[in-house]
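Feature annotations, reproduced from TrEMBL:
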type	residues	note
DOMAIN	58-91	domain 'Alpha-D-phosphohexomutase alpha/beta/alpha'
BINDING	SER67, ASP283, ASP285, ASP287	Mg(2+) binding site
ACT_SITE	SER67	active site, phosphoserine intermediate
DOMAIN	100-177	domain 'Alpha-D-phosphohexomutase alpha/beta/alpha'
DOMAIN	208-289	domain 'Phosphoacetylglucosamine mutase AMG1'
DOMAIN	304-441	domain 'Phosphoacetylglucosamine mutase AMG1'
BINDING	GLU377, ALA378, ASN379, ARG502, PRO503, SER504, GLY505, THR506, ARG511	substrate binding site
DOMAIN	486-530	domain 'Alpha-D-phosphohexomutase C-terminal'
Amino acid sequence: MSLPVEALARYSDLHPKLSYEKFHYGTAGFRMAGSLLDSVMFRVGVLAAIRSKRLEGKTIGVMVTASHNPPVDNGVKLVDPRGEMLEASWERHATVLANTTSTDEFIDAVDKLVKTYKINLDHPANVLYARDTRPSGVELVAALEDGLKAMGANGRNEGVQTTPILHYLVRCVNTKGTPEAYGEDTVEGYIKSTADAFKKLIAGKPAPPPLVVDCANGVGYVALKQFAEYLGPAITFIPMNNDLENAAALNSDAGADYVKTNQKFPPSIAPVLAPGQRACSLDGDADRLIYYYLNSRKQFRLLDGDKIAALVAGFITDLVKGAGLEGQIDVGLVQTAYANGASTKYLEKRLPVACVPTGVKHLHRAALRYGVGVYFEANGHGTVVFSPATYEVLASYQPSTPTQATYLEYLNLLPKLINQTIGDALSDMLLVEAVLAHKHYTALEWDSIYIDLPNRLLKVVVPNRNIFQTEDAERRLVHPEGMQKLIDDHVKKFESGRAFVRPSGTENVVRVYAEASDQGQADQIALKIAGIIYDETGGDPFERPGEFL
């Protein structure tokens, strides 16, 4: 089969690149205003088909979402056959195709890609895709489908789903009928398998108190309702921010990013929480999870990804020891520079801890080096992965006591409960609830395993985020030249002071993280650094945010 030039030209002309925008496939794929993405979506459809043919017909996933971004934004990312992020070397191919300025240039780029990899176009192409609740997703999916049609690909539309469900389904489809079969390749199969594992894991434990769940007015609410049906009385959810009719409500004063960034309750939840009651927030596509509660002084208390990681890693370590598998299964934890310094100190005393650059692909890759790898970014995105060697140990191990047998049973349930393909707010939520039930922890007791250093996270809008370059797992700024010294000179004035600056992978902003021994100092560090960035990058003094120092 030769390249279907005529079909590519016909469909490409329906989706011309109208914008002068420079597209870049980054950490989260392509992400920007939904109105700019029509041509990108068509080309992603073509690329997904080519990627599938390159892998001899393996199913490739495509997720249309902008996660925690505002409703006017949208985005798209590709998912490789095991449910993992697109192979890094193919990110540049996505960028190249998206930026071709004409149909002829686009077809030439496709032809070059096919020839470079010597792709046999006779292989079938299979693509599984879904979208979140954003209205722009309907037309963008249609553009994606035109890309699939142009290449003669087989498409499977899963409709409106969470991002983690899409990743899960891709892995299930590609492992079906093999020794590595991951599960049933249906949404119902995902819900049922996860719910069953949760119910078995907490069998005999007191039912958790009702959990308030902020759904960010997004697709997570759809999945939460499905889970509630299967879980029955095992756990009760109180869904909040579940308006799917009003498109503008998505991520508005709600969701995991709102809570983490502002360090406060969503306005709709603050009045309904009783002291000590647990609550959690999903983000717009349900791949991030943040917990929090109201303490006895009526204060907001955050239980972010660091606290989730500490809780989960500690529990798994206890299970490994209790089963008598210490030395046979190594548990390790992966963090980024955003991890609170107090969490790092707490965890380093208990298990190996690695620090990697921000981004799921870096965390996931590092976690795979352990027998059981735990990773959670502070923003609440994370999961647990189990190595093939660990599966073999769990399958062959013969416990010598009833207690060891019980711990082994719990360990065998965890891979069924946890979505190992990517961070999954809903399965992570059930994991947290199971651990709390086993530990008999209240929110306060969980919070008390270590005391966070006060911190502040800020965004600074800049003309060009790409001039900011980092090293040392993004903890040091190497460009703009001289800016790191300005930051260091300020930070060293404060006890337990730490700060770093990195460009966002999804927005044209720079993120500032600061921590210190008290909140006032953390705020002062962050606001001063934000001011330095604004001034040094030519910010308009008349529009300078008043809080910047």
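Using the three backbone atoms N, Cα and C, a Cβ is placed for every residue, glycine included.
This view paints the features noted in TrEMBL onto the structure.
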residue	record	CB count, 10 Å
SER67	Mg(2+) binding site	27
ASP283	Mg(2+) binding site	34
ASP285	Mg(2+) binding site	32
ASP287	Mg(2+) binding site	32
GLU377	substrate binding site	24
ASN379	substrate binding site	24
PRO503	substrate binding site	22
GLY505	substrate binding site	15
ARG511	substrate binding site	22
Item to check | Listed in sequence order, residues not in SER67, ASP283, ASP285, ASP287 with Cβ within 8 Å of the centre of the Mg(2+) site Cβ atoms | outcome: THR65, HIS68, ASP132, THR162, THR163, GLY218, ALA256, LEU282, GLY284, ALA286, ARG288, HIS381, ALA425
Item to check | Helix-strand-coil residue split for the domain 'Alpha-D-phosphohexomutase alpha/beta/alpha' (100-177), DSSP-based | outcome: 42 helix, 13 strand, 23 coil
Checklist entry - Any idea what the Cα distance is from ASN379 (substrate binding site) over to ASP285 (Mg(2+) binding site), rounded to a whole Å? => result 14
Checklist entry - Mind checking how the domain 'Alpha-D-phosphohexomutase alpha/beta/alpha' (58-91) divides into helix, strand and coil residues in DSSP? => result 4 helix, 14 strand, 16 coil
Checklist entry - Could you count the residues of the domain 'Phosphoacetylglucosamine mutase AMG1' (304-441) that DSSP puts in helix, in strand and in coil? => result 74 helix, 18 strand, 46 coil
Checklist entry - Can you tell which of the binding-site residues SER67, ASP285, ASP287 lies nearest to PRO503 (substrate binding site) in space, using Cα positions? => result SER67
Next on the checklist: How about long-range neighbours of the domain 'Alpha-D-phosphohexomutase alpha/beta/alpha' (58-91): same chain, 6 or more residues beyond its ends, C-beta under 8 Å?
Outcome noted: 25-26, 28-35, 37, 40-41, 44-45, 47-49, 51-52, 126-132, 134-137, 140-141, 144, 156, 163, 166-171, 173-175, 182, 216, 247-252, 255-257, 283-285, 287-288, 360-361, 364, 420-422, 506-507
Checklist entry - At the Cα level, what's the spacing in Å between ASP287 (Mg(2+) binding site) and ARG511 (substrate binding site), rounded? => result 20
Checklist entry - Quick one: what's DSSP say for ASP287 (Mg(2+) binding site), helix, strand or coil? => result coil
Next on the checklist: Going by DSSP, is ARG511 (substrate binding site) sitting in a helix, a strand, or coil?
Outcome noted: strand
